[in-house]
Amino acid sequence: MPKVDFGNKGIGGSRELLVSNIAAQYGLQIAKYVIPFITLPYLARVLGGDGYGIRSYVLSVMTIATTVLDFGFMTSATKSISRTRSNIGRASLVVGAVVEAKLLLVFIVGIALVPISMAIPLLSENQSYVAIAYASCAINSLVPDYVFMGYERMSIMTIRYVVCKAVGLVLTFASIHSPSDLLLVPIIDVVSSIMAVVWTYFGMKRQFGIGVKFPSLSRGVDEFKRSSEVFVANFSTTLFNSYTTLVIGVVFGAVDVAYWSLASTVVSSVQSLYSPIFNSLYVYMISQLDISYYKTIFIKGALAAVGIAFITAIFSRPIMWVLGGDSYLDGAGIIAFTSPVIALSFCTIGLGWPLLGAFGFESGVMKSSLIAGMFTVIAVSGAALLGVQSLAIYAVIRCASEAVLAIARGVVAVSHRREIKAKGEKANAK
């Protein structure tokens with residue numbers, strides 16, 4: 001069994017390791033942007049419009065399936081592993097419980113996809129592609145990244161992702177040359193997913209001595225319940241934001257939808273820069289409950305986010321020109337109107353799992369998400385029913401929704417401030 005040094009504060013308890021993990025997460029984020037951009041233009045050309053359209057549509061469906069299959073385990077299981085990592089037997093039981101729950105989800109989502117695939121013509125005409133693509137999603141969902149997150153060894157995740165995707169990249173260029181090779185696209189994804197699963201489980205055993213120990217069925221159900229709050233919080237936020245785009249598509253024409261989509265892309269691109277920070281901070285806070293360091297990162301990060309939002313608003317016109325060209329410049333104002341979301345979302349994400357989740361107030365994260373989600377639905381639906389024809393109003397609603405979420409989570413944090421302080425002091429006293 002490998003030797004694992006926990007030190008005085010547990011594995012990876014140092015702030016230096018937090019910085020290292022943030023760097024590894026940024027490396028992973030860059031790889032996730034760069035590698036698809038290498039294959040995208042090639043596949044678009046060799047598959048043709050019809051073939052690439054099928055691939056893109058199925059991919060959008062599988063993105064939803066992947067979100068459901070994750071079901072919040074990356075967050076909840078990371079916390080469970082972090083809390084049990086000094087006990088290999090208990091950590092192995094956590095992995096087994098998550099695998100049980102994941103296999104159940106794979107079965108449920110697979111059954112649900114059958115009528116969906118039959119009802120949508122583009123899917124029913126390409127059932128083999130859908131089946132293979134789902135197999136890739138199902139296999140990939142079993143990758144226990146939460147173990148490496150819980151042990152704060154995130155560089156391993158980055159290396160594995162780059163290597164597996166690089167293999168897929170080589171196979172793509174070597175084997176896909178025409179529209180008739182369409183089915184090879186998901187098959188290559190299956191190969192990459194199998195590589196990732198095998199690599200990760202062997203690495204988990206070699207690095208930490210953790211295997212898969214299946215607990216009682218009730219333990220798997222408990223793990224499922226714990227992750228449900230994370231799923232509701234994360235999925236509801238995604239769903240309600242998508243609802244805004246859906247309504248805009250009904251109320252406005254294609255050009256306005258394009259303006260809104262590009263503005264949303266700008267916001268989401270900046271938000272993706274926050275993920276490495278808060279993913280790493282979350283696991284650090286679980287083990288350390290270091291509230292003073294959290295405050296330092298949160299305050300400095302929030303000030304930087306305000307600056308980025310301000311710069312985005314000022315340069316909204318050249319940003320829109322870069323993204324869409326001259327024909328989209330009339331929509332530059334929408335980027336400016338939605339730019340406050342860049343600053344507000346830093347606060348909402350930072351107050352969520354890294355603070356409330358780490359200190360055990362997961363229900364507060366879920367409830368605040370539902371409150372903001374309901375506000376979004378009511379406000380957007382109201383604007384649509386009143387016949388509002390201004391995208392700027394919908395942008396203001398988007399900002400207001402993020403503000404409601406920030407305020408709701410802030411209220412939860414303030415209401416539990418004494419407990420947060422006490423837990424932090426107790427952790428630092430050890």
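Including glycine, each Cβ sits where the backbone N, Cα and C put it.
As annotated by TrEMBL, transmembrane segment applies to 54-73 (among others). Within the chain carrying the transmembrane segment (54-73), a Cβ under 8 angstroms from the stretch's Cβ atoms is held by residues 43, 47, 98, 101-102, 105-106, 109, 113, 116, 122-123, 126, 129-130, 133-134, 136-138, 140-141, 146, 182, 185-186, 223-224, 227-235, 238, all 6 or more beyond its ends.
The transmembrane segment annotation in TrEMBL covers 93-116 (among others).
Among the features that TrEMBL reports, transmembrane segment is placed at 128-147 (among others).
According to TrEMBL, the transmembrane segment annotation covers 159-176 (among others). Counting same-chain residues at least six beyond the ends of the transmembrane segment (159-176), those with a Cβ under 8 angstroms from any Cβ of the stretch are 28, 31-32, 35, 38-39, 42-43, 46-47, 184-185, 188-189, 191-192, 195-196, 199-200, 203.
Feature annotation from TrEMBL assigns transmembrane segment to 182-202 (among others).
Sequence-remote contacts of a segment are chain residues at least 6 beyond its ends whose Cβ falls under 8 Å from one of its Cβ atoms, and for the transmembrane segment (231-252) they are 67-68, 70-72, 75, 260-261, 264, 352, 362, 365-366, 368-370, 372-373, 376-377, 380-381, 384, 388-389, 391, 394, 397-398, 401, 405. What TrEMBL lists as transmembrane segment is 231-252 (among others).
The feature transmembrane segment is assigned by TrEMBL to 258-285 (among others). Taking Cβ pairs closer than 8 Å, the transmembrane segment (258-285) reaches residues 12-13, 15, 17-18, 21-26, 28-29, 75, 78, 82, 149-150, 152, 154, 241, 245, 248, 252, 294, 297, 301, 305, 308, 312, 319-320, 323-324, 328, 330-331, 334-335, 337-339, 341-342, 345-346, 349-350, 353-355, 357-359, 391, 394-395 in its own chain, all 6 or more past its ends.
Residues annotated as transmembrane segment in TrEMBL: 297-320 (among others).
What TrEMBL lists as transmembrane segment is 332-356 (among others).
Counting residues 6+ beyond its ends, the transmembrane segment (368-386) has Cβ neighbours under 8 Å at 232-234, 236-237, 239-241, 243-244, 247, 250-251, 352, 393-394, 397-398, 400-402, 404-405, 408-409, 412 in the same chain. What TrEMBL lists as transmembrane segment is 368-386 (among others).
Remote same-chain partners of the transmembrane segment (392-414), defined as residues 6 or more beyond its termini with a Cβ less than 8 Å from a stretch Cβ, comprise 237, 240-241, 244, 247-248, 260, 263, 333-334, 337-338, 340-341, 344-345, 347-348, 351-352, 355-356, 361, 364-365, 367-369, 371-372, 375-376, 379-380, 383, 420. For 392-414 (among others), the entry in TrEMBL reads transmembrane segment.
Below 8 angstroms of C-beta separation, residues 43, 47, 51, 54-55, 58, 128-129, 132-133, 135-137, 139-140, 142-145, 147-148, 160-161, 163-165, 167-168, 171-172, 175-176, 212 of the same chain, each at least six residues beyond the ends of the transmembrane segment (182-202), sit close to that stretch. Here the transmembrane segment (332-356) has long-range neighbours at 75, 230, 233, 259-260, 262-264, 266-267, 270-271, 274, 278, 281-282, 285, 294, 298, 301-302, 305-306, 308-310, 312-313, 316-317, 319-321, 362, 364-365, 368, 391-392, 395-396, 398-399, 402-403, 405-406, 409-410, 412-413, 416, 420, meaning same-chain residues at least 6 beyond its ends whose C-beta is under 8 angstroms from one of its own.
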